[in-house]
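Pulled from TrEMBL, these are the features on record:
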DISULFID  18-141  disulfide bond
DISULFID  55-61  disulfide bond
DOMAIN    19-161  domain 'Peptidoglycan recognition protein family'
DOMAIN    30-167  domain 'N-acetylmuramoyl-L-alanine amidase'
SIGNAL    1-17  signal peptide
Ligand SMILES: [Zn+2]
């Protein structure tokens, strides 16, 4: 029985896959100064943009990940970068607080959501296909690994807080993604 489960687990991992996720240590991020564990699976996925500089190469995205983390820790005084994950137009995912730590990205939703932010400002353009696919793949990955409920609800940051995030164009795009709810 265990062997069958192991085979099934391997099959599912291959079937659903996960995007390439660079861990905090792989991109040279700072360790958190405090951490609150998050109960999983979570109900919500909240989409953001950093409203900063976009990046299309791993080295450029690493620079942006460090910039965002430094801003959140040094200027905002937070324990860590606010988002659970960051995504670049290089198609890679950069670990923030990860799957099992409460983020600081959407008041009232932080303890029951995964916050995913794409590097860049998407007011008048969309993230490229690589970045959009990485976000979708990351959500599927979270569901397959049991960190996100299969009946999750997708929201844009503006649906839960008074903000323009994740930018008009990208927001319009995610309203047509699976499981989106206003
Ligand atoms: Zn946001």
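Just so you know, glycine gets a Cβ as well, placed from its N, Cα and C.
Features per TrEMBL, on structure.
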{"residue": "18", "record": "disulfide bond", "DSSP class": "coil"}
{"residue": "55", "record": "disulfide bond", "DSSP class": "coil"}
{"residue": "61", "record": "disulfide bond", "DSSP class": "helix"}
{"residue": "141", "record": "disulfide bond", "DSSP class": "helix"}
Rounded to the nearest Å - Cα separation of residue 55 (disulfide bond) and residue 18 (disulfide bond): 21
Among 18, 55, 61, 141 [disulfide-bonded residues], residue with fewest other Cβ within 10 Å: 18
Residue counts (helix, strand, coil, in that order) that DSSP gives for the domain 'N-acetylmuramoyl-L-alanine amidase' (30-167): 40 helix, 31 strand, 67 coil
Integer Cα-Cα distance in angstrom, residue 141 (disulfide bond) to residue 61 (disulfide bond): 21
Integer Å distance between the CA atoms belonging to residue 18 (disulfide bond) and residue 61 (disulfide bond): 19
Per-residue pLDDT averaged over the domain 'N-acetylmuramoyl-L-alanine amidase' (30-167), given as an integer: 98
